[in-house]
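Asks: Okay, these came from Swiss-Prot:
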BINDING   132-187  ATP binding site
BINDING   Asp254, Glu268  Mg(2+) 1 binding site
BINDING   Glu268, Asn270  Mg(2+) 2 binding site
DOMAIN    103-301  domain 'ATP-grasp'
Amino acid sequence: MFGRVAVLLGGTSAEREVSLLSGRNVLEVLRMRGVDAQSVDGVPALAQALVERRFDRVFNVLHGHNGGGEDGVVQGLMQAFGVPYTGSDVLGSALSMDKVRTKQVWLALGLPTPRYASLSVCATAVEVRKAVEMLGFPVIIKPAKEGSSVGVSRVFALEHLEEAVALAARYEGELLMEQLIEGDELTVSILDEMALPSIRIVPQGQWYDYNAKYLAEDTQYVCPGLDDVAEAEIAQLALAAFHSVGCRGWGRVDVMRERGSGRFFLLEVNTAPGMTTHSLVPKAASQLGMGFDDLVWRILEQTL
C-alpha cells in the first residue's frame, strides 16, 4: 500500500531532540503495522537515501529550520525527486516557519494577531527600546524562525530586555518582539482539513516554556478547552489561519485568548508538530477516539 517509507527525523536544528522522539514513535507504529519503514536522520542523509534506497514516500517529523524539516528546503528536495511526503508543501512550510511573514499575511487578511516589531540580530539598543516603546510592556521576544519555545523570553521591565534580546539573537534570522497577551493559551490541531477540539494549556509554572512542553509531568491539558460557541469560533479562525499561509494536510495553530475581552489572537502555525507522549496533536485526536496508531496512519494516508 505504502511501499518503502522514510521516517525523516533528527536533523541539526535546535529542535533535534524533540524530533528524534517524534520519529521513533512514528517508526514504531508503522513497523508494528507491517510497513517497510526506515529512519533517516536529517536532510543530507535523505538526499542520499532517496537515490540509494528508493523510498516511495516520506513521513516528515523533522522539526524546525536550518537543518530541520519545516522551512521548505526538504519539501523542495522531495518534490524534485517526485516523492510524496506528509505535511505542507514548499510555500506553506517556508512561510509559516517565518513568524514575521506569517503575521504580515494574517494582518493583511484582517486575522487577529498580537502587535509586533521585527528586529535584526544586530539591532542597536536604541532600536530595541523604540520597539518596546511602541508596543509597551509586557512583551515576548523570540527568534522569528524557531519553535518549541526555543530562545523565547517574556519581558516585563526594561532591565531584563538586553538579556532577552541576547538569548533570541543566538539563533539565525530576525527577532520578533510581540505584545504579550495575558490569558489562556490554546492550540488547535488540523487534520485532513478539519479542526480538532482545542486544547487549553495550564502549565504549573508561569508559562508554557520548553520544560513545560517536553519535560514536566504536571502540565495540565484541558480538551476541549472551550465551550461549544467558542470552540466553533476558534476552529474557524484556526482553519483560516492555516490555509492563509498555504498549509495543507496536518498541523497545529497556536492561539491566545485574552483575559477579560475573550478575544482570540493568532500566534503561529506548526507544519510538522511533535508526536511525542507530551505532544498536542495526539491529545486532540484522542478526544475524538483516535488513538496514536490511527493518527499516524491517517497522516501517512495523505501521501496516497
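All positions are counted from 1 along the displayed chain.
Just so it is clear, glycine is given a Cβ too, placed from its N, Cα and C backbone atoms.
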Asks: Calculate the distance in Å between the alpha carbons (Cα) of Glu146 (ATP binding site) and Asn270 (Mg(2+) 2 binding site), and round it to a whole number.
Replies: 10
Asks: Determine, to the nearest whole angstrom, how far the Cα atom of His160 (ATP binding site) is from the Cα atom of Glu268 (Mg(2+) 1 binding site).
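Replies: Cα of His160 (ATP binding site) to Cα of Glu268 (Mg(2+) 1 binding site) measures 24 Å after rounding.
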Asks: Counting other CB atoms within 10 A of each CB, which of the binding-site residues Ser153, Asn270 comes out lowest?
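Replies: Least crowded of the binding-site residues Ser153, Asn270, by Cβ count within 10 Å, is Ser153.
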Asks: Note the mean pLDDT of the domain 'ATP-grasp' (103-301), expressed as a whole number.
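Replies: Its mean pLDDT is 90.
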Asks: In the structure shown, with every protein chain counted, which of the binding-site residues Glu146, Glu174, Asp254, Glu268 has the densest set of Cβ atoms within 10 angstroms of its Cβ?
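Replies: When each Cβ's neighbours within 10 Å are tallied, Glu146 tops the list.
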Asks: Note down the number of other Cβ atoms within 10 Å of the Cβ of Val139 (ATP binding site), including every protein chain shown.
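Replies: Taking every protein chain into account, the count is 25.
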Asks: Same-chain residues six or more away whose CB lies under 8 A from the CB of Val132 (ATP binding site)?
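Replies: Listed in sequence order, they are Val139, Leu158, Leu161, Met177.
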Asks: What's the CA to CA span in angstrom from Glu174 (ATP binding site) over to Asn270 (Mg(2+) 2 binding site)?
Replies: 18
Asks: Which of the binding-site residues Ser153, Leu167, Ile181, Asn270 has its Cα closest in space to the Cα of Asp254 (Mg(2+) 1 binding site)?
Replies: Asn270
